[in-house]
Each structure stands twice: as structure tokens, then as C-alpha cells.
Amino acid sequence: MKNLKSLFRYIGNYKGYFYLSLVLSATSSILLLTPYYSMYHLFLSISSGSNFQSKYYGWIAIVGVLVGVLCYFLSLWFSHMVGFRVERNMRLFGGNQLLEVSLSFFDTHESGKIRKIIDDNAALTHSFVAHNIPDLVSTCIVPIFVVGVLLKLNWVLGVICLCTALLSLYLVKKMMGDPESLQYYMIALNNITSEATEFIRGMQIVKIFNASLDNFRTFKKSIDDYSDWALKYSFSARLSYVLNRLVLEVLPLILIAVAYPVMSKHPSISLFLVNIMFCMVFGSQLLLSLTKILNTGTNYALAFQSIHQLENLFDGYLEHKPTEHQKITSCSITCNAVTFSYTPEKQALKDVTFSIPEKSTTAVIGASGSGKSTIAKLIANMYHEYEGEIKIGSYDLNAYPEETLMDTITYVSQNAQLFHKSILENLKMARPTATTEEIQQALIATECSELIQKLPDGVETIIGTGGVHLSGGERQRLVLCQAFLKNNPIIILDEVTASVDPENEFKLMRAIESLSRDKTVIMIAHKLSLVEKADQILVFKTGELVEKGTPQQLKEKQGIYYNMLQRYHATKRWTLKGEVTQ
């Protein structure tokens, strides 16, 4: 019942179709047995020597089969409608949950595994509902009906068939294998899918640098794990499978062995022989149904294991909804004793405290891995599992609805991503109501107008189509154009000028100047030339805030920032000396 309740959550308002499919499948199962009714009367007429009403019983068989096939077709029709609804709702559930989870979820789950659990598991559950639900009804109804008929014809043979059916059902249940093995088998299947995706993505690096395939040991391990659990799950069912096949195959022999001593005591041997012959023929439907139960039962276990995996995928990662719904009246930012860890083993931030006045520019610098991007992501509300307090204005981040924060903070990362759509569609994702004039102003302000003029279809050009590919700097400028259109009062720039050529860097700097006017700006940068005009500089080292102040204050302090600045100016004086020899 628990499994059916979990399935009903995704059926939605199609429950009527689900029950109708069950009724039609049950009706079909009974009607498709009507030829055996005609066959029984044929056997009776042969044994008694009476005339057989061939037309009457023939039409009963034909009409029964035709109506039964029609009912089965309609049952599949409705079950497929339910199956598609289940698949749709499972994918919607997964997609909606992805929008609700914190970004720490994506740090611990590979994209291939997420796609496998949401997409493939939804398709697997659809297949079970669409195809196996009608068969499941049939495999339940037919054995009951067959055993009932056999009990009426000859109770001894009926009891034998009943015991055989019960024993077979018990063995089929055992054939499902260890539930824990099935769970680990599904996990191993997800892992191999995820690792295969990463392996394919990394193949370009392997070929370019002639790297050893030892770098993909995790892929090899996932294959071995899948092989081990597949064998364990299969072997856990082999004894029950062999015994079940043995029970079903020897059933006719048991019927014959029991029939002989009973036949001599029967008042009408001819009638008894008719019953025996009919039991042998009709009992084949029992064997067929019990055989189908194995396949249906396996798919049943896989389908509900898929639902279980999907519903448990996001445990511990869902964001907490704010109990308050405050409005942001000031865009000042305060961090008080903030501590954060990606993993329990190592702290990414340790007791960080600082404040950023409204409409000021703060530069965050430090070595790679010092915690610069981490504090920016915490301020952008990307992670929630931190200690301490982060406030915008007078209230903690948790006091604001997510929509309010999204309309207040714009986060631009160094890995600019644009969708495979036209440039206009990408820009309008920032503000769907933006007019053509506003878009043109944003393009000019962010140094993108010259770029658009070079494209074959201007802003209607689809990125990645017809050989149109943008460089990293060009994508970054378009993302800044999105931020300009969004016009949020808080801007976080996470190394947006990293790995760009000098020309794009110059244009990016001018775009940033346009974007930053009258905004609260947090700029993370490796290049010190970008931070000298900042109102405040925060210096991070191994997760700790070691220096803060204005550029002039930090120069006078002659600490880490001063030493970094000296080395930066020294590199600008480097020259290549020596003669070139032929």
C-alpha cells in the first residue's frame, strides 16, 4: 500500500483512468478465457456422442476473444495515459526540487547521476505503469479464476493447482532478491551512468595531452561495482528461480499421477477423462500467468525503487523557507562571525566579520582557495549551511523571500554561460519586459554593440548555430549586459576578467564601470589593477579575513596587500634581455 500511495502522488487527477484500466484489464482476462468454455463443451459432446452446437459455442469464443482484445486495448490506452502523466509529474517534481535545493547539492552530485535519477527513472516508472499494470491485474485474476474452475470440476486437482500457485508465488517473491542488493544495484547503475558521462567529457583532454587512462580509475571502479552488484542481485534469486521452474514444469506430471488412482473410483470414467483433459489444457493458463508474474514483479520492484530514489535524492538539501517576509530597505551588507565548510573535514571560512556600506565598491582579493568566491556565494544566498550572520540592511538573509533576494542581488561568475538561443532571448531572460530601446542602451553601456554588429543576424543570431561561437570575453560582456538590464542594486562580480585577452579586459572594465554606478558592488579579482579604485579591500588567506580597509590604509600597513602590490608592480617592469642568435 505504501508503494501505491507513492505512485498515486504522481498520477494526479488521472486516478479514474488508472482504475478504469484495471477494470478493463480484469474484464479482458476473463473474456479471453471464453474459448476454453467452448472447448470444454466440445470435449463433453465427444465423450457422450451428442451433437456439438458448433455455431453457438464458436460465436461465444469469437465474440469473447474480440471483446477481450478490445478491452485489453482500451486498458493499455488508459494505462499509457496514466503512465505519461506519471512520467511528466516525476520529471516536474525533480525539476522543481532542483530549483529549491541549495547549491551545495550540485557540489556533491554529478550531473550524469542527477539526469539518470530524474529522467531515466521517470521513463522506467512510465514503462511499468503503461505496460505492466494491466499485466499485473491479468496475472492476479487469471490464476484465481483458473483455480476456481478446477476446484469446481475436480476438487483434488483444484487443490493441487492451488498449492502449486501458492508455492510459485512464494518462490517468485523470493526471486525478487534481497531488497538491499536491489537498492545497491540501482545506486551502482546510477554511478556508472554518471562516471561514463564524465569519462566522455574528459576524452578530449586524454587525446590532446596523451594522458593515461589511470586518471579515470573511478570509471573503472564504477564498472566493477556495477558488475559485482548485478551478479549479487542475480545470484540471490537463482535458487528460487530454479525451484519455481521445476514446480511449474512438473505440475502436469503431478496431475496425471494423481488422476490415475482417482479415476478408478469415479462413477463416470468418460466424464472424469474429459475433466482431466480440460484441466491439463486449461491449467496451462495458470502456468503462463505464474511465469509472467516474475517479469512483472521485477519491473514492479525497479519502478518503486526508482520513485524511492527520486524522492530521497534531495534529502538534506532543500532550502528552508523564511518565516518572515521582510522588504529590503537598505543595500548595506554585514557579515558577522561567518564560518562555513563544504565538507566536515575542512573549513572554507573561519569567523569572518566585515561590513559593506550601501552604494560602495568592495574588492575581495587573496590566493586561490582563500575563500573569496565562497563568501561571495554566501552573500548571494547560494549556500545556507553556515554559522554566524549575514545581513542585508537590517535583517538576516533568511528573513527575505527568495524572490526578493533574486530581485536584489546579481551574481556574475567567471564561467559565463549562455543558452543555445538567440542573443535577444538570452538578454530578455534577465528582464522579459525590456524594450528594444532599453536593450540597445544596455548593449552600448556594456561595450556589446560592436560585437552585435559583427554577427550575421544581429541580436537575433542564435549562439552556436551557423558557426557562430563567442569567445569567453564576448560571453562575459553579454552576461554583464544581462546584469545591466536586470538593474539589481547589489552586484557581485566573481573574477569576471579572468582568462580574457587585453582587448576584452579593457571593454569589460568599461562595462563594469557602467554597471556599478550607484550600486553596492563586491568585486573578486586576481588582478590588482582592478581593485585600486575600490572604496574598501578585503584580503583573505586560507579562509580567514586577514586585512581590511581602504587601499591607502592597507598600503600604509605594509601587510599582505602591500606585498602583493609590490610584486604586481615589479612584474610590470619585467623585460626580456639578451641577444637573439641565429
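Indices start at 1 and increase along the chain as displayed.
Positions of Cβ are set from backbone N, Cα and C atoms, glycine also.
TrEMBL annotations: computationally assigned, not manually curated.
Note that the structure is a prediction, hence the values are computed from the model and not measured.
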From 16-36, 520-540, the residue range that TrEMBL assigns the feature transmembrane segment:
16-36
Near the transmembrane segment (123-147), which residues from the same chain, at least 6 beyond its ends, have a CB less than 8 A from one of its CBs?
7, 10, 18, 21-22, 24-26, 28-30, 33, 72, 75-76, 79-80, 82-84, 86-87, 90, 158, 161-162, 165, 282-283, 285-286, 288-290, 292-293, 296, 299-300, 302-303, 306-307
Mean per-residue pLDDT computed across the domain 'ABC transporter' (333-567):
85
